[in-house]
Every structure is written in structure tokens, then in C-alpha cells.
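Copied from TrEMBL, the annotated features are:
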REGION    1-153  region 'Disordered'
COMPBIAS  15-37  compositional bias 'Basic and acidic residues'
COMPBIAS  38-51  compositional bias 'Polar residues'
COMPBIAS  97-113  compositional bias 'Basic and acidic residues'
REPEAT    210-242  repeat 'WD'
REGION    577-615  region 'Disordered'
Amino acid sequence: MAEADGKSTVLNGGSEEKESGEDQHKEEDASGSKEGETQSSPQDVTPTETGEASGDKPMPNDEEEKEANVEGEEEEEDTDSMDGSGLYSLTEDGERESESGRQERAKDKDGGKRAARKRNRPGGETNHSSSSDEDDDEDEEEEQKDDDGEDDDEAMEAWLGAELHDLRGPGWQAVTSLRSREIGRDSHQFVRRVCGARGLVQRLELQGRLERHTGCVNTLHFNPSGTRLASGSDDLRVVIWDWAVRRAELEFDSGHKSNVFQAKFLPHSGDTTLAMCARDGQIRVAELSATQCCKNTKRVAQHKGAAHKLALEPDSPCFFLSAGEDAVVYGIDLRLDRPANKLVVVKEGDKKVGLYTIYVNPAKTHHFAVGGRDQYVRIYDQRKINENDNNGVLKKFCPSHLVSSESKTNITCLVYSHDGTELLASYNDEDIYLFDANHSDGADYRRRYKGHRNNATVKGVNFYGPSSEFVVSGSDCGHIYLWDKYSARVVQFMDGDRGGVVNCLEPHPHLPGMATSGLDHDIKLWAPTAEIPTGLKGLKEVMKKNKRERDEDSVRHGDQYDTQLLWFLMRHMRNRRPARPRREGADPDTDESWSSPDSSDEEEGGPDHVQCMSS
């Protein structure tokens, strides 16, 4: 982990060596540190030692000095538990005492524990000799539990501390940057450097809430200028916010029949075109007017399963991609009479792979990446998709330890970095992995981000900063995590959701701040206004709890990602919205929509129509 000043703490994976001078000083002071304290052997306590402890310090002879040194060593050995940094203290063989001395003291310590347990039992020392064997068995069981607990803690520390790198020095100096800005030097870079400054990330705090929805908020998206924020919810409604004054400017019915999973402004459309997808599998487009009203919404494609994500091309106001649990990727061009065109059916061998996420490379817009119900990140090139050649895949990435894993791992979200050179993928019941998008097929990950938990929902992940300096994710524990991308260390840790799960994280395109949402029915706004940097209070305990629960679930469910059961439980936890009344004479499946040419084709052997939670 990293504290605000950039110094390494508990997750550094190492400990500081004690200076020999300090050890000698401690041993000399230890001879007079205890008064009237019972030692392990009665003959160790002498009148001379008692006098020294009370403050009278006559000159000791050689025998007394040796005994005092042994006492100091014993006292130091007894405190071998946790040092101030939270790391287990270590001792070198022969540095303090012999192996036989340590074993003798360990036996005395174990005997003391047994005696304490017997005194604490009902009946104390009045137990009959016939029950002594049972007592010894209980003692051994308790000792084994204590040893197992210590081993678990050490293993947890080692796991959390692995694959970390040193934090780099701060890349932005406030005073120097402000002075340069005043004289017009590098003023055009000022905002970018501020947004990517670790010091400001460590000062993020809650600014306010946007409250309008009556269901879980599943999607957030800023318009290109950052002045408006679109949100979609389980209540089937979409709200356009003037987030700066915390006012809803427009609210309309999405036209979907089930949970709205995404709503995005199309670029260069004057904020008048909004693309949407939902659990009902529909892809819809809303046309907005300058007078703050919704003209209409039209269906432009239909998946045979939930559609969780849309992918926009950075410079196109009329073309975008969609991905669904039916394993189909549609290219949707609003200029055509029939907008939807099936680009690819994602498969592993002959088996279809249901999709949860899709993203277009911002630097190579003909490339897009998808992830879903297996462990592979797949990259396609729209110009040359040949399903007879490697199922049309350009290249695949996967963490090496998950390639042959029997666990049913899924990718819940993936995103490209600002320049398209890196890919970030979040795995359910696993960690977040960073891949080099320019590497060859089958390359392993570059960084691994640990500590959060991704189990209960289809959780999002994102880059934060104008140059993708940080990684941000929600968690089932209700917290928001921000990692430094290079070092993989947590630099910010915030309470993000009273309902317990943070799903959606949307950084502002130009300012240091972001919006988040989850199972709560509100949207939270964050900005770097805290007076002092975060102290990451409680982080270590929460990370350990998340890892422990993840391991327990892995054993309990055999690594099964049972989305059907999860959806059933979550559905009954939420406020159910009554079905919308149909208009008279309206066809429920064709209400003012463009139909997809492939939407009615039967897909043989398609994936189970299992719906996931909010994405």
C-alpha cells in the first residue's frame, strides 16, 4: 500500500533491519525494565535485579550482568508478534539466542497457555484425571487453530504484497505549476497535469448526491464537453443532469421493458442523440430536442439475451457497436434503413461465448475488444473478420494462471486506455489485469490490481486521469478503490455505496473528479477538496475480508459463477416496478422501431438466457 506521502507500508513485502546499536541498547535497558514481574524460572529473580528495577543501580558483577542480558533477550523474544508497521518481526538464527533456548521458551509458553485454558474452563483445576486426555486434545485443537490463524495472516500479507512496484515520485508540484500558469508557461497543460496528480486523487471526497431514480442506477455517461451527465436505472427511465447545479434537466421513459444497462451520448451529435441498451436485449436510440424534451425512442437492434454494453467510435455521431449475452456483436449505423449489421458471433471452438462488455480502441477505431463468459479478452478488426479463420479473432489475451484453470471465470468489464495501447479487464471472483494491447496473441498481463471483490454484480472498471494514470473500480464491500497504474498500489479508498455494491464509475472528461453509482438509488459526485490526503484507514482489514470471502465462496460453490441464482436473489431485493401499460393497437415487439435483419433468426445451440445483475 502507499500512504499519502508515498512511503511504503504494510504491502511493501519487506521489513526494516534493526541496527546493532539499537539492539545492544535495548538489551542493556531490558535488565531494569521490570519490577516485581514473575520470570519463567524462580531463581532468575534476585535482590540485585529488584534493586535495579526500583531505580538503585549498583555496579553489577559479571554473573549478574550475564543474567540481566539473558532476561533482556527473553523479554525481546516474547514481543515477537507485530511491529509498528504491521509486519511480522523476524529474528536471525544465532543473533539473539541458541535454538535450544528458543525451544525451551516455546515449551514454557505453550505450558502457560494450557494452564490458562484450564483455569478458564468451568470447574478450573477441579477436573478429574480421567478427563485429562480430553483436555489435552482440546488444547491441541486450540493451538492448531491459533497456528492456522497466524499462517493465514502471513499468507494474506504475502498475497497482498506480491506483484507490487515502488511508487514513483509526484509528477505535479502545485506551487511550481501555479507560478508557471500565472506567467503563461505551459498553461494549456495545467488542467491535464492537475487531473493526473496523485496528490489530488488522494484528496477525493464526496461532494453531493443526485437523487431522482427509484431503482438501482446502472449507467453513467458524461457528454463530450462534460457539462451534462446521463443516467439510466432499473426504473426504466433515463435522466439528463446538469450535475454542476445538481438539477435534472430532462427525464424520459427509455422504452425498454427491463433494467436499463447503458445510456450514452453519441459524439458530435450536439447532445441530441442517446444510445441505450438493456436487459431486454433491445438497442434503442433516443432523439432529444434543444427544448429539453425527448422526441422519441426507436429500437435499432435486438439481441436474444441481455445487452450490457455499447461501444462508441470517438469521432462518429451515427455509428456504434453493441454486444449481448447471445454472443453477437452488432455494428449499428443510423444512416441506414436497416441500421443493425451482425459483425461476428463470438465463439471458443464451436461453443458460443455470451458477452458482457465491449470497447472500441480510441486510436485504431477499426479494432474492438470484447469479454464475457470465459477468461479470454478477444480483439477483432472490423475490416477483416473471417469466422472461418480462428473464429475471426485478431488476438486473445488471458492471465497465464487462468488459461488452464477449471474455475468458471468471466470478464465483467474491459476498457482501453486513452491512447489505445493498454487494455484493462476485470474478472469475477478474481482481480483486475492490465494487458499491453500491442503485444502478440497470447501475451500475459503486465499488472495485477488486488483488494476489491467482484462477485455479486456485473461490475465495471475504468481508467482515471487524462493519461490513464490510475485504475478505478467498485467492490461488493461498498468501497471505491483507486490504484496507481504503474505500482499497482492502492492510493485512494472511499465508502461508495450504502447498499453495499459500487458498479459504475465515470471520470469527468476534463476535470479532476468523477461520478459513481451502485445499488443505491442516487448518484454520487466526487472531487479533490479534502484538506489532507487519505490515510487509507481500514483498508488492510477490508482487503483481507474480501480475499477471505472470495476464497470461501470458491470452495463453497466450486468456483461456479451462478448468475441465475444471483439474479433471482437480487430481483427480490429490489423494488419491483409494475409493467408499463401498452398503447392501444400497438405491437409490443415493433413499437416504432427499425428491425434488425438478423433479429428473428433462430440461433441453434445459443447460450442460456441467464440474466445478470446491473452492469
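Glycine residues also receive a Cβ, built from the backbone N, Cα and C atoms like all the rest.
The model shown is predicted, which means the values in this text are computed figures rather than measured ones.
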- Message: Do any residues, 6 or more residues outside the repeat 'WD' (210-242), come within under 8 Å Cβ-to-Cβ of it, and if so which ones?
- Response: 248-254, 256-265, 267-268, 271, 274, 276, 278, 286, 288, 499, 503-506, 508-511, 515-523, 525, 574-575, 577, 580, 614-615
- Message: As a test of reading the model: what is the averaged pLDDT for the repeat 'WD' (210-242)?
- Response: 96
- Message: Summarise the repeat 'WD' (210-242) as counts of helix, strand and coil residues per DSSP.
- Response: 0 helix, 19 strand, 14 coil
